[in-house]
Amino acid sequence: MDLSATPSRSKSGLRSSPRKPVAAPAVAQMDLSTPSKPTPRRKPKAPPVAAPMSPVTPSSVRRSSRLLETPTKVTSETPVKPTPTPKRKRAAPSPSPKTPTQSEPKRQRQRQRQRQQPKKPKKRAYYRKVVYDGGEFAAGDDVYVKRRDGAESDAEDPEAEECRVCFRAGAAVMVECDVCLGGFHLRCVRPPLRRVPEGDWACPYCEAERAGKAIERPKPPEGKRIVRTAKEKLLSSDLWAARIESLWREPDGIFWAKVRWYIIPEETAAGRQPHNLRRELYRTNDLADIEMETILRHCYVMSPKEFKDASDQGDDVFYCEYEYDIHWHNFKRLADIDDEPETKEDPGDEPYNAGNDYVSDSDEDSEYDEEEEPTKCSSARTHQSHALAANLRKGRTYGLQKIGIRKIPEHVRCHQKTNLEKAKATLLLATLPKSLPCRDKEMEEISAFVKDAICNDQCLGRCLYIHGVPGTGKTMSVLAVMRRLRSELDSGNLRPYSFIEINGLKLASPENIYKVIYEQLSGHRVGWKKALHYLTEHFSGGTKIGKQANQPIILLIDELDLLLTRNQSVLYNILDWPTRPNSNLVVIGIANTMDLPEKLLPRISSRMGIQRLCFGPYNYRQLQEIITSRLKGIDAFEDQAIEFASRKVAAMSGDARRALEICRRAAEFADYRVKQSGHTSVNRGKNVVCMGDIEAAIQEVFQAPHIQVMKNCPKFGKIILVAMVHELYRSGLGEVMFDKLAATVLSWCHVNRELLPGYDTLLKICCKLGEGKIILCEEGTKHKLQKLQLNYPSDDVTFALKESPDIPWLSKYL
């Protein structure tokens, strides 16, 4: 939501919450206006005894306050004897040997039976509202929470914020700076203000600092101590903000609350971004149980619409639009979360049922009331005791109580990994290697290109096209260079820049790249047409986007060939922006096709330039070095096993990812073999990956069912698959039209003197391959215009059909 039209926040001395009383210790009371439990019927008591003249010493503070409020009946010193009334005599029942206790009253027998039964423990009582320490708290309220235990500054809560110029707090209207969040009297600003300005307002000191001028802010008078407000403590990570989910009282009388934490942008994995507001918070999925004693007072976290209208709602108002996942470190709009259907929670987490397990609040020292035994197993769970700490987030659940997660045994956590287990974890494709061998020359060229583009003031026409077969380290090399340049930037040896990474596979359509670029620069989401308009103005020298508009922008586009459209307008716009004066844009494109610029329109290929970088396939020595560098310090492979896997993959495609996958699968085979045989480290020869494990992994990877289907295809089916690989590599696209594929097949058959098939025959074979999920086909109504796509990597087709005895000429096209 655009908050640029939000009026500046006025600080008119209005408090957002009542002051806490200083006298009287904190005594929690249940709000009687919203009772959640009916008062149970008390057990019969003995006849009252005449009270003495001296007051009885109360056993608790609660009881003493109750005795002072309740008037005591005064009795006379001379007791008055009641008038005796004649009683009817009853015949005593005859004793019976079978029922010796029949003469006792029935009520006495019930009391005796109750004393003999074990007392049931009290259970926690849930409340909708709780009056605690002079404040009323309910579920759904936002509150400040102490972050440090025993901090004296947390108890300091000034009535109103002081002016940053005169350092006095009065009833005069104050205006807040949107940069430093400081309060200023209208008369103290130079020049003085007559009314609160609309829109964003920055104080003169922040404006001077933005302009690069050296300015000294006013200092408080000598001997005056500045007291920070709760808002300032929260934004400086000295307090927490939380949302109350539920309230209850434990059997020991202590009040607790389950809260959901808020965090400031600095506490996220991404840190504070330029688009974050100064008062912005993120709601998290982190839940915790805290004592009511740690809660200070209310604050108000509002939605964007509410925050826009809250121009005069005090100093404890904050803005929240997203929820932050502390596990996956991603963001989601609260509006999208609120629109989702609510799922039914576990019965143990439902609000308290007022009909069961009531704990009396007015008679804590009396005997436990009898309770009906619950029928649900969830109510029989025992609650853990809570430690008395103000700043510890104990009882974190993260919502795991809804799925009944179990605790991992300690022996599993303390298990020491073997060399084979370490090798399996290291060889994962998702594991980031410590170094990237065999690509030093290419990385130096990329680094020199980026540094030259950054040092150039105008960055005119800087485009770099990187191509190569899959699995040759193109993307990883560029990202390694950018990480190295980032360290130089942090040390102050490089000019500041912005880096944007986009993968074409993650875009729903090529036009969505405009939205991604604009959101990375501004932090706002708009449609792709508006984003294209704003980006064109930005790179043309018009209206700039973001606060870091003058910094160079390095745009990395992976899978560049997926941005091709019918008129190629997307690629034209992206490659045309760097050619404009003062655009400060550098484009690095990565694709698998070598001759992609030649296939583009002349106006696009001319803007792409002639600076290219080719990543050739790895040979077996380079693959062996890559695997050895990953396994450095882990003695889990035989040298011959690594060399055998490297030679096998280098003969096929030179894909490093395929080599790592084979070695990882071989390590799994070896680990399973060792655990099944029960060998220890004494027999070291069988505790490492040997040639047999590599052979088994290769057979599993290259002898998969779909590869067997390719090998057993008819003659024209094999020709169609090889022709698809050839066309996809030549065009650089992910799909091919049937008419182009058929023309290629007919041309090959004519050159190699094969029988020419008809279009219907080729179409039937494509349908058969589609039924086996070897290729993906569109609906058959399009006939010759339908698009075809390989469902498996082209390396599998190469491995399966490179040696076909019935079609020996097919290998020259692979």
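First residue shown is number 1, and so on along the chain.
Positions of Cβ are set from backbone N, Cα and C atoms, glycine also.
Per Swiss-Prot, the range carrying the annotation region 'Histone H3 binding' out of 190-195, 310-315, 406-411 is 310-315. Motif 'Nuclear localization signal' is the annotation Swiss-Prot gives to one range among 33-40, 81-88, 105-112, 217-224, and that range is 105-112. Among the candidates GLU444, GLU511, GLU559, GLU625, the residue that Swiss-Prot annotates alongside GLY468, VAL469, PRO470, GLY471, THR472, GLY473, LYS474, THR475, MET476, ASN592, ARG657 as binding ATP is GLU559. A gap of 11 Å separates the Cα atoms of CYS188 (Zn(2+) 2 binding site) and CYS203 (Zn(2+) 1 binding site).
Cβ proximity to the Zn(2+) 2 site centre (mean Cβ of CYS163, CYS166, HIS185, CYS188, cutoff 8 Å) flags the following additional same-chain residues: ARG164, VAL165, PHE167, ARG168, ALA172, MET174, PHE184, ARG187, VAL189. CYS163 (Zn(2+) 2 binding site) counts 22 other C-beta atoms within 10 Å of its own C-beta, drawing on all protein chains shown. Cα separation, HIS185 (Zn(2+) 2 binding site) to CYS177 (Zn(2+) 1 binding site), rounded: 11 Å. The DSSP secondary structure for CYS203 (Zn(2+) 1 binding site) is coil. Counting in whole angstrom, CYS163 (Zn(2+) 2 binding site) lies 15 from CYS206 (Zn(2+) 1 binding site) by their C-alpha atoms. Report note: the Zn(2+) 1 site is defined by CYS177, CYS180, CYS203, CYS206, and the residues of the same chain whose CB lies within 8 Å of the CB centroid of those residues, excluding them, are ARG164, ASP178, VAL179, LEU181, GLY182, PHE184, ALA202, TYR205, GLU207. Sequence-distant neighbours of CYS166 (Zn(2+) 2 binding site) (same chain, 6+ apart, CB under 8 A from its CB) are HIS185, CYS188. Proximity of CYS180 (Zn(2+) 1 binding site) to non-local residues of its own chain (separation of 6 or more, Cβ distance below 8 Å) is seen for CYS203, TYR205, CYS206, given in sequence order.
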